[in-house]
Each structure stands twice: as C-alpha cells, then as structure tokens.
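S.K.: Got a structure for you, written out below as structure tokens; questions coming shortly.
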Amino acid sequence: MSDELPNELNEERVKVASNSSYSFLGSIVNYFTSFFIGLFLARFLGPANFGVYSLAVTIWSMFLTFSSIGINGSLQYAVSRYKARDDRPALKWVAKNYLVLITIASVSLSVVMLVLAGPIASFYHEPILKNLLIILAVGLTFYSLVSSFYQSLFSGYQLQKYRFIVNATLDLIRVGQILVLYLGLSLIGVISVYDVSYFIAFIVAFFLARRIINRIKEIRKPADKERKELKSYSAFTYTGSLFSIFYSSFIVIILGFLAPNLSFVGFYRIGLVLSGLVGAPGGAIALAFFPSITKMFEKKNYEHLYRLMKDSIRFSALITIPLVFGAAVAVNPLIRLFYHQEFLGSVGPFLVLMVSVLISSILSPLTTVLSASGKQKYSMYSTISGAVAGIALSILLIPRFFSTGAALVSLGVTVLTILINLYFTRRYIEIKLPWGAIVKGVIAGLLMVGFILLLLANFTRLIELPFILLAAVLLYIFLLYVFRAINRSDIVFILLTVRLGRLAKMLEPSKKI
C-alpha cells in the first residue's frame with residue numbers, strides 16, 4: 001500500500017481529516033452526553049417512567065421528520081454542489097429560500113403536535129404524556145431549524161466546526177436534565193430542558209450561519225433546470241424520510257402499544273443509545289467524506305472518487321469493528337454496572353443492533369454515492385421497501401419478542417435498504433470493497449478483545465480501566481499497521497482526525513497524507 005497520494009486527492013483528505021475531527025469529536029460528545037443523561041434518567045425514573053419518556057421523545061422525533069420537508073438532504077447536496085462550482089450567489093439564494101420553507105413547515109407541525117397531544121396520550125392511557133408532548137411541541141420549530149437547515153448548511157460547506165459548536169451547546173445545556181432530576185423535579189421538568197437547549201442552540205446556529213451568508217455579497221437565482229433538480233431531490237428525500245418513520249418511530253410506537261408495559265420501550269431505547277454510541281465514530285468519518293465525494297462527481301474525476309469511497313469504507317469499518325467486538329463482550333456487565341439489574345432487558349436489543357452497526361459501517365458509505373450524485377430517488381425506493389418490510393416484520397416479531405423483536409425489525413430493514421441501495425449504486429460506479437483491510441481489521445479486533453480480557457483478569461480496579469482501553473487502542477492500531485491494513489499516511493489522517501497535528505507532521509510521508 002503506497003504512502004504517496006496525488007496532490008488533489010491529498011488536499012481532499014486533509015479537508016476530510018479536518019472535518020472528521022469535529023464530526024468525530026462532536027459525535028462522541030453527543031452520544032456520551034446522551035448515554036450519561038439516559039443513564040441518570042433510567043436510574044432515577046425506573047423502567048416504566050423511562051419508557052414514557054422514551055415514547056414522548058420518539059413521537060416528537062416523528063413530527064420532526066414531517067417538519068423537515070426533505071430540506072436537510074437537499075440543502076447539504078446543493079451547498080456542496082455550488083461550493084464545488086464556486087457559485088456562491090446561487091448557494092445564497094438556495095439557503096435563503098430553504099430557510100423560509102423550513103420555518104413555515106416547522107411552525108405548522110408544531111401547531112399540529114399541540115393539537116394532537118391529548119388524543120395521543122389517551123391512546124396510550126398515559127395522562128402525563130399529553131403534557132410532555134405539549135412541551136416538546138413548543139421547541140419543535142427551533143430544533144427543526146437547527147437540525148434540518150443550519151446543520152445541513154454547515155455540512156455542505158465543510159464547516160464541521162460549526163456543527164460541533166451547535167451540538168456541543170445542545171449537549172451542554174441538556175446536562176441540566178441531571179440537575180433537574182437531582183432537585184427532585186418531575187418528568188415535565190426533565191422535558192422542559194429540551195426546549196431551553198433547542199432555543200439557545202438555534203441562536204448560536206443563527207449567528208454562525210450569518211458569518212457564512214453575509215460574506216456572499218451577490219445573490220443569483222439558479223437556472224430553472226437546476227431548481228427543478230433540487231425540488232426533485234427534496235421531494236425524494238422527504239418521501240424517503242416519511243417512509244423511514246415506518247421502521248424507526250413506528251417500531252417504538254407499535255412496541256409501546258403491544259408490549260405488556262412501557263418498560264420494554266425503555267429497554268429498546270437504551271439499546272439504541274448504546275449502539276449509536278458504538279457506531280458514532282465510523283458514521284462521523286463517513287459523513288465528513290460526503291462533500292469531497294460530491295466534488296469529485298461534479299469534476300467527473302472518477303479515479304479520485306473511487307479512492308475516496310474506498311477510504312471512507314476502510315476508515316468507517318476499521319474504526320467500528322473493534323468497538324462492536326468490545327461492546328458485545330462487555331455489554332452485560334456494563335448494563336449491570338451503569339444501570340440496574342432491572343434493565344438487563346436491554347442486552348438482547350443491543351446485541352442485535354450491534355450486527356446492524358457493523359454491517360452499516362462497511363456497506364452504508366458505498367451508498368453515499370447516490371446522495372452525492374443527486375440520485376436521491378433511488379434511495380427513496382429502498383426506503384419505501386424498508387417501510388413495507390418494517391411494518392410486516394413489526395407485526396410478526398414485536399408481539400413475540402417485544403424489545404428484542406423491535407431490534408430484529410431494525411436489523412432486517414437496515415440489511416434490506418442497504419442491499420437495494422447497493423443494487424442502484426452499481427449502475428453508476430463499480431463497487432470495490434476493501435475486503436483485505438476489513439478481514440485484517442476483524443483479526444486485529446479479536447486480538448484486541450483478547451488482550452482486554454487478559455488485562456481485566458489481572459487488573460480489576462476501575463481507575464485502571466482507562467489505561468487498559470488506551471493500551472488496547474494502541475495495540476489495535478499497531479496490529480493494523482503490521483498487517484498492512486493501514487499505512488503511514490493513514491496514521492497521519494487518524495492523528496489529524498483526533499487533532500494531533502504536530503505529531504502528524506512528524507510522520508508525514510513526503511508532506512502528504
């Protein structure tokens with residue numbers, strides 16, 4: 001594996017590494033915050049009340065999906081596209097018009113959620129659910145603007161630093177939920193913290209976005225053909241998002257209705273949070289490659305496109321593999337340690353979702369090409385197929401296996417949608433999976449897990465655990481290098497990703513990464 005890279009490709013990898021560092025750090029902070037907040041909520045509220053909390057947040061996320069109107073994916077694509085063309089006046093026009101649309105949609109859905117809060121609570125025979133949904137509806141507009149508009153704008157502009165600032169603001173304020181619990185306030189107090197965090201994050205995102213848009217002095221309406229393409233992209237994205245409800249939020253809603261009690265909703269949510277924590281680093285890496293892949297499509301530089309796609313898959317898989325293996329081995333004692341014995345029902349859903357995380361880390365980056373090239377309608381086809389499968393699997397599996405059945409539904413839908421996306425992706429690019437690196441990653445991951453178990457048998461104090469994990473990570477990277485799954489330029493990329501630029505310069509091959 002050569003350390004030398006062409007100049008243009010090297011420049012893109014530098015941008016990806018820089019953006020990955022913020023995506024990586026932001027994802028870790030976000031999921032760790034969600035994990036610890038969820039941990040305290042679960043311990044203080046107990047399985048039943050935590051289930052009510054989880055159901056309220058899930059229903060809110062469903063309304064959030066409705067309010068996006070497909071702008072999140074379309075805006076990121078449009079910004080990446082016009083930035084690659086250096087057509088910033090058109091970029092400004094798109095951003096301003098999309099802001100108006102998402103504002104109207106989010107306010108409308110907020111009102112609808114307020115009206116439906118009572119009937120939804122009656123359906124589940126949970127009176128407190130009404131108050132929780134009303135509070136969440138108040139903050140819906142602010143968070144919809146943050147997640148669907150501002151974050152997509154920052155991603156498309158390759159300003160992951162801004163995304164990190166906004167997400168860190170959200171996470172920092174959400175820690176207040178722990179304080180609310182400590183003060184003995186109710187679920188209503190816990191949910192109210194969401195609205196405060198959404199409003200402040202909106203203010204931060206607004207001023208950061210102004211720094212981008214105000215630098216663009218001119219504004220130009222894109223050609224009719226381009227606007228039609230963007231409308232189609234939004235329509236396909238939105239249709240796909242709506243159908244995705246049937247295998248995301250719908251799973252939780254059905255689980256809450258069919259399970260003996262809402263504790264099973266809490267078990268499934270804990271499995272989702274923990275699996276999301278494991279998959280976050282790989283997902284952050286894959287997300288950072290999106291603008292560069294779009295750029296190579298626009299320039300029709302397919303040689304560099306293939307290289308970037310391969311790098312995206314390789315880094316995503318090699319980061320995720322050891323995390324999946326380690327988490328699968330440690331999940332039972334970790335849930336006993338952090339939660340309580342009564343939450344062991346989360347083990348089954350978590351292990352099933354680990355399979356989904358592993359598959360996604362290897363295959364999902366490939367399907368990025370559909371979004372990056374504007375072929376969003378094919379992603380919509382896979383989403384619709386997944387929705388149909390999700391409904392069928394939910395009816396078959398959830399009544400029998402409850403929370404584990406919900407995880408099995410999620411796994412089945414993930415596999416189906418990825419396979420369909422791969423089928424359409426093959427129409428545009430030759431699929432080249434780095435199987436050699438993946439197999440070597442599996443071997444190195446298994447050896448790393450064995451190393452951890454060996455150390456844990458001899459070092460049992462909690463204070464020693466961070467040093468054990470650090471040693472395991474270094475061993476894993478060393479094994480990957482020995483097995484030639486990564487080279488020196490890849491190590492430099494990793495060091496830049498974790499903000500160790502000075503150390504990276506010492507290892508730079510020919511001043512390239």
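Keep in mind that glycine also has a Cβ here, set from the backbone N, Cα and C atoms.
Curation does not apply to TrEMBL; its annotations are automatic.
Taken from TrEMBL, the feature transmembrane segment applies to 21-46, 98-120, 132-150, 171-190, 196-213, 233-258, 270-294, 315-335, 347-366, 378-398, 404-425, 465-483 (among others).
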S.K.: In the same chain, who gets a Cβ under 8 Å from the transmembrane segment (465-483) while lying at least 6 residues past its ends?
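M.R.: That would be 318, 322, 326, 440-441, 443-445, 447-448, 451-452, 455-456, 459, 491, 494.
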S.K.: Mind checking which residues reach the transmembrane segment (132-150)? Cβ under 8 Å, same chain, six or more beyond either end.
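M.R.: Long-range Cβ neighbours of the transmembrane segment (132-150): 52-53, 56-57, 59-60, 63-64, 67-69, 71-72, 75, 98-99, 102-103, 105-107, 109-111, 113-114, 116-117, 120-121, 166, 170, 187-188, 191-192, 194-195, 198-199, 201-202, 205-206, 208-209.
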S.K.: If you count Cβ pairs under 8 Å, which stretch among 98-120, 171-190, 315-335, 404-425 touches the transmembrane segment (378-398) the most?
M.R.: 404-425
S.K.: By Cβ distance under 8 Å, which residues at least 6 away from the ends of the transmembrane segment (98-120) in the same chain are close to it?
M.R.: 59-60, 63-64, 66-69, 71, 74-75, 78, 129-131, 133-134, 136-138, 140-141, 144-145, 148-149
S.K.: With CB pairs under 8 Å as the measure, which of the listed stretches 171-190, 196-213, 315-335, 347-366 comes out on top against the transmembrane segment (404-425)?
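M.R.: The stretch I would name here is 347-366.
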S.K.: Near the transmembrane segment (171-190), which residues from the same chain, at least 6 beyond its ends, have a CB less than 8 A from one of its CBs?
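M.R.: For the transmembrane segment (171-190), the far contacts come to 29-30, 33-34, 36-37, 40-41, 44-45, 49, 52-53, 128, 131-132, 135, 196-197, 200-201.
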S.K.: What parts of the chain pack near the transmembrane segment (347-366), using Cβ distances under 8 Å and only residues at least 6 beyond its ends?
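M.R.: Contacts with the transmembrane segment (347-366): 267-268, 270-272, 274-275, 278-279, 282-283, 286, 289, 309, 312-313, 316-317, 319-321, 324, 327-328, 331-332, 335, 401, 403-404, 406-408, 410-411, 414-415, 418, 421-422, 425, 431, 433, 438.
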